[in-house]
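First up is the structure itself, then whatever we jot down about it.
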């Protein structure tokens, strides 16, 4: 019965769904979601992003589409296309707020209802990947998201951390959450992993080193890679530019493209 419902829904044309999780805020989860979408697009894939970080919807600004409006069609909400080729589509509560600075001051049941509505009522059309950018932590919103997506058999989750022990500790709780909810862990990404000097290419570990990789080994899950601090990446996000296209020689580019390739490989293995 679940499979019949999934085929007839707005997610029926989506081949692979993956969630991006983090144990705490400020680790760059939305940055990884954004750059993963761009990397997959440059691999020839059609990508959707569902931003369910209801209290901190930052992805519309990262694509410089924060002033766009969401329209209705017979099938539901039409997502916002972030590029002329319409290869990346985005849905976020940021498009539904009257003012950009409005705060979402809602209790759990109202948030959970909107998440379920996002899953059911966005007309995505045909997509190769749908990336679901979640709030930090483990809460009712995460449970609602996983339960709403379960009929569509998500590919799995990417966990984002930074090298510090406090962030790595929070990701351990995310691993437990994934285990309890039956969500497959595709791997761990360590973000802000050192700063590579643009002049001499020497890497300085500003925080600490290797926490994400060590956790992945301990938990028995793949380590997808370390993404260094990169001023060009920050600049591209501030200006809504395509980092993957414009900065192929930057220090973060190889790590981000390797992460995307591993996701593509995992999706191919699942399909075969």
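Just so it is clear, glycine is given a Cβ too, placed from its N, Cα and C backbone atoms.
Quick caveat, the model's predicted, so the values are computed rather than measured.
Going by Swiss-Prot, these are the annotated features:
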- 23, 24, 25, 26, 27, 28, 29, 30: ATP binding site (BINDING)
- 197, 200: [4Fe-4S] cluster binding site (BINDING)
Other than 23, 24, 25, 26, 27, 28, 29, 30, which residues of the same chain sit close to ATP? List them in sequence order, counting a residue when its Cβ is within 8 Å of the Cβ centroid of the site. 22, 136, 160, 162, 167, 191
For residue 25 (ATP binding site), name the DSSP secondary structure in the helix/strand/coil scheme. coil
What three-state class does DSSP give residue 30 (ATP binding site)? helix
Give me the Cα-Cα distance between residue 30 (ATP binding site) and residue 197 ([4Fe-4S] cluster binding site), rounded to a whole Å. 24
Could you tell me which three-state DSSP class residue 200 ([4Fe-4S] cluster binding site) falls into? coil
Cβ-Cβ distance under 8 Å, sequence separation of 6 or more, same chain as residue 27 (ATP binding site); the residues meeting this, in order, are 136, 160, 161, 162, 167, 191, 192
Taking 24, 29 as the binding-site residues to compare, which has the smallest set of other Cβ atoms within 10 Å? 24
Nonlocal residues around residue 25 (ATP binding site), in sequence order (Cβ under 8 Å, 6 or more apart): 56, 136, 137
Other than its own, how many Cβ atoms are within 10 Å of the Cβ belonging to residue 26 (ATP binding site)? 12
Output the one of 197, 200 that, of all these binding-site residues, has the highest number of other Cβ atoms within 10 Å of its Cβ. 197
Within 10 Å of the Cβ of residue 30 (ATP binding site), how many other Cβ atoms can you find? Include all protein chains, please. 25
